[in-house]
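Since the structure comes first, as structure tokens, the remarks are kept for the end.
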């Protein structure tokens, strides 16, 4: 509620979530009737970015001070390891010690449908980084990215078919390697390789070729095999993973 509910409750109900009103109290602004009417339903679609999944554990809520932040009010610690020492899925980024959980996109889409009346949704970002230090050949052979994209697209298709979630578009992040805020050029997210010394020098990566086939429909028959390979590769990692 302190993440999505913070803006979705006003947009759909004209008020902040009850838990926020209870915990934050007078520090949380209130909508008057005119404002509530104005903001309710004032969106055309939702653009959702999905990358990783974290566990949440209780954390004492500190008394407000000059260094207090909005996220402190939630009273939780976010972590990639659960109480059994398990990680949610395959490694997302080694340097950040983060992990991804493909099935999480299924739960998030279903949650938004159930909680907020099945709004129109576009997945505006979904992708995985690889080290910027890799040479051209290493960067182009990005089978890890195929694993990531295929597994998430499989669960996205599944939730659309099973739950009727109103997802109308999906954008893989990103079309080409790019400058990342906070990371600069030290990571690569692209389906295409970009030579930073010559921006006209670009090559489609293996993930880009796979994505082309997927969009054109020629990868549908191999999607199950790709997804199986993704699952097997995650299970073969040394770190202990939680059940999917």
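Glycine is treated like the rest: Cβ placed from N, Cα and C.
Record note: Swiss-Prot gives 173, 180, 181 as substrate-binding, and the candidate from 51, 55, 63 in that site is 51. Residue 216 (N-linked glycosylation site) falls within a helical segment according to DSSP. Residue 180 (substrate binding site) falls within a strand segment according to DSSP.
Taking a C-beta cut-off of under 8 angstroms and a sequence separation of 6 or more, residue 181 (substrate binding site) has no same-chain neighbours. Checked against residue 216 (N-linked glycosylation site) by C-alpha proximity, the recorded positions 32, 125, 180 yield 125 as the nearest.
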